[in-house]
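Undergrad: Encoded as structure tokens, here's the structure I'll be asking about.
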Amino acid sequence: LSVLTILTKMGLSEGFWHHEYWLPPGATWEDMKESADIHYPQPQDLLLCLPGALLLIIVRCIFERTVALPLGRRLGVSDKLRPIVQPNATLEGFYVLLGRTPKEGDLISLAKQSDLPIKKVETWFRHRRAQDRPRLMKKFCEASWRFTFYFTSFFSGLALLYDKPWFWDHTVCWLRFPQQPLPPALGWFYLLELSFYCSLVATLPFDVKRKDFKEQIIHHIATITLIFVSYCANLIRFGMIIMLVHDASDYILELAKMLHYMKWKQVCEAVFIVFAVVFIISRLVVFPLITYYYFVTKFQLFLISCLINTFLMILQLLHVFWSYLIIQMIFSVILHGAKRKDARSDTEESDRSEAEDLAKNK
């Protein structure tokens, strides 16, 4: 079967899969006919990302319970005691329906309704917010899982590409495109990456919510779109390079988080500086000035390439945003010794206020 026949059998119209949209000028789907020895990307293969994402979620749950949790306990990660919240239907109703931080007028009204002093109402809401904050062990387990995946992904991707001439010389990357056969290992790597990001989207409501939650959603959507589109258009080589450049710093960040939760301050700061250097070089130098440059200057533009350009620009804007946060953290926390506060932290209250409340309760 031709690629076009397979595509139309997926339930989408021939117009959607017209070669002028997906392939450069002069190329058609007929140029990508498979044989016994030569294989090309088949879009229906990407449907495997759904069971793949489910499998990764199951593996993650098992990993966090059987590996990350015992490891965290051995390394001294422990959850702090938190003040007990006294049940109060009036205050709970406001907290759930109207907001976690009532204004001054709301505090006065709630104090009258519940027959409590305003100070006690303020304390109740502070304790209630603290109760909803994710536990330190939960953060450690999540960071451990992401570190394990990113570390495995980066070095396995490096092992797959280090002997490929087009990995080191991007001009070779586009030779004979789109008639570039797909090695099975690269196809499975692509599917694994897509499954992982789909699993991240599925677990976003249950994971630790950070201040850049919206940016994370945009990043995941852009990444999933780029993986899907580049696979269908047989931009596998370019996609592999992009994924490897992005994975280069992710596992270092997760390691720094794990060290932070273990309270290994000096080691954490050293690892974080390494992460910052790798992130800025890979995302603000290698990606835009080398990898992306060749895509824009050496590649013929067509509809899908324009779409890829758009999403790559979105990713680059996110890189600039996160680089600003990283540099800000290095100067304010590490170099100037300011009070530690993660720029992407989910923590709303300070540890000091929580400790004071515990002391009062005792």
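One-based numbering along the chain as shown.
Cβ coordinates are placed from backbone N, Cα and C, and glycine is handled just like the others.
Checked TrEMBL, it gives:
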- 91-135: domain 'Homeobox' (DOMAIN)
- 93-136: DNA-binding region (DNA_BIND)
- 138-335: domain 'TLC' (DOMAIN)
- 143-162: transmembrane segment (TRANSMEM)
- 185-206: transmembrane segment (TRANSMEM)
- 218-244: transmembrane segment (TRANSMEM)
- 264-286: transmembrane segment (TRANSMEM)
- 293-315: transmembrane segment (TRANSMEM)
- 342-362: region 'Disordered' (REGION)
- 343-362: compositional bias 'Basic and acidic residues' (COMPBIAS)
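What does the local environment look like for each feature on the list?
TA: Looking only at the domain 'TLC' (138-335), the predicted model's pLDDT averages out at 88.
Beyond the ends of the transmembrane segment (264-286), by six or more residues, the same chain brings 245-246, 248-249, 252-253, 255-256, 316, 319-320, 322-323, 326-327, 329-330, 334 to within a C-beta distance below 8 angstroms of the stretch.
Here the transmembrane segment (293-315) has long-range neighbours at 20-25, 170-171, 173-174, 177, 218-219, 222-223, 225-226, 229-230, 232-233, 235, 238, 242, meaning same-chain residues at least 6 beyond its ends whose C-beta is under 8 angstroms from one of its own.
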Undergrad: Please work out the helix, strand and coil residue numbers for the domain 'Homeobox' (91-135) from the DSSP assignment.
TA: 33 helix, 0 strand, 12 coil
